[in-house]
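Peer 1: One structure coming up, written as structure tokens, with questions to follow.
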Amino acid sequence: MGKENQTWVSEFLLLGLSSDWGTQVSLFVLFLAMYLLTVLGNVLIILLITLDSKLHTPMYFFLSILSFVDICYTNSTVPQMLVHFLSARKSIPFHSCVMQLYISLAMGSTEFFLLGAMAYDRYVAVCYPLHYMVIMHGGLCLGLASACLSAGLTNSLMQTLMIFHLPFCRKVINHFACEMLAVLRLSCVDISLNKVMVAISGFLVIMLPCILVLFSYAHIVAAILRIRSSQGRRKAFGTCASHLTVVSMCFGTAIFTYMRPVGRSSAGQEKMVALFYAVVTPMLNPLIYSLRNNDVIGALKRTLEKLKEKNRQK
């Protein structure tokens, strides 16, 4: 019976964030503004890193990859959410739901691995400054970025295949997107194996990078404390402050949500966490890395000056 039901599920219905029309219009305006800021901010970061030779370092290479991942993550859910705010019927085709879950889960997983790689980069920069460029050579940076993306895509593929091989008895998703835990609740069979896989995936994707981050920053703090001058300590900590801020936001929320038993988190909590990762974090990342980073601000000024000079020459 369950398999037959699964065959006939050609689309899913999303409940969204609210059923009140006035609230939906207000949310549309709010999230449209946040979406535009997210895309423009991350595109600007990528352009500055590409155009300014002073930012051609391992740290900014990883930052450009992070911005690209954030753009993909946001575009996997937010455009559809904006359309649904102004739609009476919030439906999504089965294949679109599969792709949405796969892409959002892949980009989310990749971001955690990438934050771990960025922590290692900061560890080498602070603890081995004289050998930094030798250790973090181009081949290693490209290899780490590729490994992060491959791990994220593989994890997402395994989870997506396991979820959508389940028979579904219902097609109403209490969410604004095809989120992993929300889709699992539609199944009419025992999902104990899936719960185990979610826990294992959570450990590998969240806890392992988190352990690497904690290991890296334990050594970074020890190295900073050994620096005698206060100015040197501030400079060393300044190179890590932006990354540490982003890490605290991402890992803190993920551990609170996905490292608990599946049945313990409510639909409301899952919606808030999904909004945080899909909208808030990608919007804040460019602001955190630019406002607290003199190199990025300097690159922006230099780029603007070059554009002004070109306009004058015309």
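Just so you know, glycine gets a Cβ as well, placed from its N, Cα and C.
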Peer 1: Which one of these stretches, 60-78, 155-173, shows up in TrEMBL as transmembrane segment?
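Peer 2: Per TrEMBL, the stretch marked transmembrane segment is 60-78.
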Peer 1: Over the domain 'G-protein coupled receptors family 1 profile' (41-289), what is the model's mean pLDDT?
Peer 2: 87
